[in-house]
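One structure is given here, and the rest of the page talks about it.
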Amino acid sequence: MKKNDRVTGTCLNYTFEGLGVVKVDGFPLFVKDMLVGECGEIVVTQVRKNFGYGRLMKLISASPERAEPPCKIFKQCGGCQLQHFSLAELQRFKTQRVKDALERIGGLDCHVEDALMMEDGWYYRNKGQVPVGVDKAGKTVCGFYRINSNDIIDMDVCLIQHELINKTVQCMKRLIGEFGNAEVFRHLLVKVGFSTREIMVVFIVREKRVAELKKMASMLVAEVPEVKSVILNLNQRADNVILGDEEELLYGRPTIVDELDGLCFEISSKSFYQVNPVQTVKLYNQAVAFAELSKDDRVVDLYCGIGTITQFMARQAAHVQGVEVVAAAIEDAKRNAARNGIVNVDFVCADAGEYAARIADSGERVDVVCVDPPRKGCDERTLEAMLTMAPRRIVYVSCDPSTLARDLKYLGERGYGVERVQPVDMFPWTYHVETVVLLSKLITKKHVNIELHADELDLTSSKSK
Ligand SMILES: C[S@@+](CC[C@H](N)C(=O)[O-])C[C@H]1O[C@@H](n2cnc3c(N)ncnc32)[C@H](O)[C@@H]1O
């Protein structure tokens, strides 16, 4: 097979990114925009040693699971990849994605529950992060990067962002055009509390033109009164890290508030907060259910962010300790717990692995460990410390099935078996999936023998009574 060949084939499966897998004489081609069961004419665009890429030229037979993407810029924008999937197909894809990773990377053949889907998976994001620029005609543009490029696709409405984020970005785009200062802005970061409708806007800028930016902030607030916080973030870095270190409050408060399942959370510009609050409640409740807590239990919540899971678990445990590396998030976490009147928690600002090792060395009793690491998963030090703590249960929350599978394999080989796997669709219409896993101490053959022996002894003693 070579580049530009035209072939006909049927889609058999998906890659982890949701590309269709078509086999032509046994050779796999990855093809965008193809659903399982569909047959199409494909032009080969790239050939590598063991696989290639193709572009769908003509659909010969369409799947009943094919949907019409509602977004006008779906094809150019890299934000969503799977708007052409029905909800049922999306559920199958996400569930299978987790199952495949556990099997291939983790060597685990375990039952994976159907992914928990969002009924109405639109306008779900509480955070929007848009680059700012000017197009060839000199017009201000805000939107998303074209796939694999730095071109900004101008966007009026994003169908997966909260309507208040769309409204704020439109207003800012107009103001930036009026002030003619697009070159000052790198990005706009907008966060919204779904339950309170409070908005935070972070102007991520190359220069500190404070007076001008304050003026823009007050004009924005006049038009979008839900804006309660405007922050200047100075970023003069040469790389593509979005937030810089230096910040200054331009308007209002440094935080906004949201509520999840009756608990209030203050969110600051730099703290992590799950982007889909509707699904987050399902995710956290599942994590709590897997933990099966009692009022005597001591829990450690590693990578705790602003203390969300920590507080969900604290409602059912004796004590929960949250560990997080970002200082601002720990400050939020402490304020949040105080605000909610939750006293059986404490928070430590530290590297998860480093602090977990300290707890393990101290020999303190830990009944349940919850971990929710970033995409790269846990490092070996953290996993080792978790094993030394020897909790009854481990609840692992993950946003990357591959690193999850790697870590489950490590824990599995050292005595913790996977009991339940529940994917949750936190990111509808994208290929991303969150998963919550319950692990518990494996009963080894040695343990089983000892228990059997104990039974026999009981039997003998009752007989002799
Ligand atoms: C996926 S978030 C989860 C946060 C929280 N559990 C939640 O649901 O909102 C991962 C968190 O780990 C933190 N983090 C990253 N590396 C860390 C490390 N080495 N030690 C401790 N925390 C870390 C990040 O700052 C982030 O808050």
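Every residue, even glycine, has its Cβ placed from backbone N, Cα and C.
Nobody curates TrEMBL annotations by hand; they come from automatic prediction.
Y303 (S-adenosyl-L-methionine binding site) falls within neither a helix nor a strand when secondary structure is assigned with DSSP, and so counts as coil. Y303 (S-adenosyl-L-methionine binding site): 21 other CB atoms within 10 A of its CB, across all protein chains. If you look up TrEMBL, you'll see Q274, Y303, E324, D372 marked as S-adenosyl-L-methionine binding site.
The Cβ of C399 (active site) has 19 other Cβ atoms within 10 Å, all protein chains considered. The active site annotation in TrEMBL covers C399.
Residues annotated as active site, nucleophile in TrEMBL: C399.
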For Q274 (S-adenosyl-L-methionine binding site): intrachain residues, at least 6 apart, with Cβ closer than 8 Å: T280, L283, T308, M426
Residues within 8 Å of the Q274, Y303, E324, D372 Cβ centre (excluding the S-adenosyl-L-methionine site residues themselves): F272, D301, C304, G305, T308, I309, P373, V397
Chain-internal residues, separated by at least six, CB under 8 A from D372 (S-adenosyl-L-methionine binding site): D301, L302, Y303, C304, G305, I309, Y396, V397, S398
C399 (active site) and E324 (S-adenosyl-L-methionine binding site), Cα-Cα, nearest whole angstrom: 17
Other CB atoms within 10 A, centred on E324 (S-adenosyl-L-methionine binding site): 28
Pairwise Cα distance maximum in Å, S-adenosyl-L-methionine-binding residues per record: Q274, Y303, E324, D372: 15
